[in-house]
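Here is what Swiss-Prot records for this protein:
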TRANSIT   1-50  transit peptide
DOMAIN    81-192  domain 'Rieske'
BINDING   C123, H125, C143, H146  [2Fe-2S] cluster binding site
SITE      N239  site 'Plays a role in the stabilization of the metal coordination'
BINDING   H245, H250  Fe cation binding site
MOTIF     451-454  motif 'Redox-active motif'
TRANSMEM  466-486  transmembrane segment
TRANSMEM  489-509  transmembrane segment
Amino acid sequence: MPFPMEVLQASSLSFPLLRRHSRNNLINKFRNPTLPRIDIPRQNIDLKTFAATTPTVACPPSDPEIIPEKKEDKFDWYENWYPVATVCDLDKRRPHGRKVIGIDVVVWWDRKENAWKVFDDTCPHRLAPLSEGRIDQWGRLQCVYHGWCFDGVGACKFIPQAPHDGPPVETSKKACVKGVYPSCVRNGIVWFWPNSDPKYKDIYLTNKPHYIPELDDPSFTCTTITREVPYGYEILAENLMDPSHVPYAHYGILELEKVKESSKRDREGGHEMEISVGTIDVNGFSAKHVSADYYFVPPYVYYGRITPNAATKTKDATLPVVPEEKTAMIVFYCIPVTPGYSRLIYAGARNFAVQIDRFVPRWITHMSHNLIFDSDLFLLHVEEQKLKDLDWHKSCYIPTKADGQVVAFRRWLNKYGGTQVDWRNNFTPALPPTPSREQLFDRYWSHTAECSSCSVACKRLNALEIGLQAMSLVFVAMAAAVSAPATRYSMVAMAVLSFLASKWLSHFIHKTFYNHGYDHAFV
């Protein structure tokens, strides 16, 4: 999983720090820049500086300051907005099923109210999933098990099995959807409040999701990707806050910083870092690394604002990622799904090289993003499995200061978040067993199927593959029909080329949209 800075580079087309292994030449051609600026939500942040020396320092990270806990300072996991899906990946013609913090929800477009709605994904009749239904000709959400229909407030409007001259059974409260959640759209994302109590009906008026203006700024270009990963929220969040894994877990894919050859201690170029972590309280914390300021806004947002300045250079490395006088923003929405599974929505924006995104298809940029996800996916899954019965603070040896943000997150989680996500008896904390590597590295169900760009590209490339196979057969038939040797040889050559092209394309489709895998030993 990429640290914020690396994702900035992973989606860049021309920055010198971006690298790809030679076997990924296609990706190398289409890398796409990312990201913008954010208004800092907190002022007057008290920072304690970590002078981090990753390779050699043998002392533990300095403890960030923690504000003394007040009785009301416990974090409530269900008193917050949660991102459900990016609007660009939702189809208004059908309902969409998602699971967030253990809650199964259905997201659908109510054309009467011109708004996205989020319901509990359960029909009150026989508990069938509404997300498997359809939007009927009157714009109602229809359960396809028995045809019951619901409006935008969850009221039942039609029960086909009810007699015309009988009692209006559809007006009963028991016929209504049990969970109708407050929802809104902000920064191009559909959000929901995970409590259907009527007292929260107008919660948006007093409590809005965290807003990042740059993502809606027309002077910035913005790219997004959503990926479900086979490890939990805690592992996902701490990995995004860890810059020191980038040269190793993502070697050959990208570089976090440009390290001087004279300063390299190994091939990958791990080096000392300077990280500052601010005061930790129930509202999260801030940190500074090189020329970027980062903010953790519980429970889901971790974002960074990158603005080059004189402090960009360190004695061992430089960070020429963003042009002078320009700004880039990287935003991560970390969404708990179930124990052992989480979802990441990444949004990157920048106010330079904005024309590139207009010419590079979105699915091309997702190729490099997905490769980054894959490169440390297995490491993080196994790490979580090993930590499931252990105390993180006692089991992990943290001798250097490069892990400052990771330690800060774990301290926040322990002090304010109850040590883990509150699943409210929906799940036990036990993790699911480890599936096969092929299932772990699945791209289709974890991304392609729910991505509007990649799903369309996958269908079109599959059609092209079939077309190439058909062309191969046509050329064979033409070769058999002609008598001129030169023409026959040409037809045979075209048949062979078409067949080989179809085989190559089949391999490309499989690795890009279905399953890629990753082997660090030969990178």
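Heads up, the Cβ atoms here are built off N, Cα and C, so glycines get one too.
Comparing the Cα of N239 (site 'Plays a role in the stabilization of the metal coordination') with the Cα of every entry in C123, H125, C143, H146, H245, these being the binding-site residues, the smallest distance points to H245. Put plainly, the binding-site residues H146, H245, H250 were compared by Cβ crowding within 10 Å, and the winner is H250. Listed in chain order, the residues near the [2Fe-2S] cluster site other than C123, H125, C143, H146 are P124, R126, A128, L130, Y145, G147, W148, each with its Cβ within 8 Å of the site Cβ centroid. The average pLDDT computed for the motif 'Redox-active motif' (451-454) is 97. Put simply, H245 (Fe cation binding site) is 52 Å from H146 ([2Fe-2S] cluster binding site) when counted between their Cα atoms. According to DSSP, H245 (Fe cation binding site) sits within a helical segment. Cα-Cα distance from H250 (Fe cation binding site) to C143 ([2Fe-2S] cluster binding site): 45 Å (rounded to the nearest whole number). For H125 ([2Fe-2S] cluster binding site), applying a Cβ distance below 8 Å and a minimum sequence separation of six or more within one chain yields C143, Y145, H146, W148, A175. Here the C-alpha separation of C123 ([2Fe-2S] cluster binding site) and H245 (Fe cation binding site) works out to 45 Å.
Under the DSSP three-state reduction, N239 (site 'Plays a role in the stabilization of the metal coordination') is assigned to helix. Residue counts for the domain 'Rieske' (81-192) under DSSP (helix as H, G, I; strand as E, B; rest coil) come to 12 helix, 43 strand, 57 coil. In terms of DSSP helix, strand and coil, the motif 'Redox-active motif' (451-454) has 3 helix, 0 strand, 1 coil.
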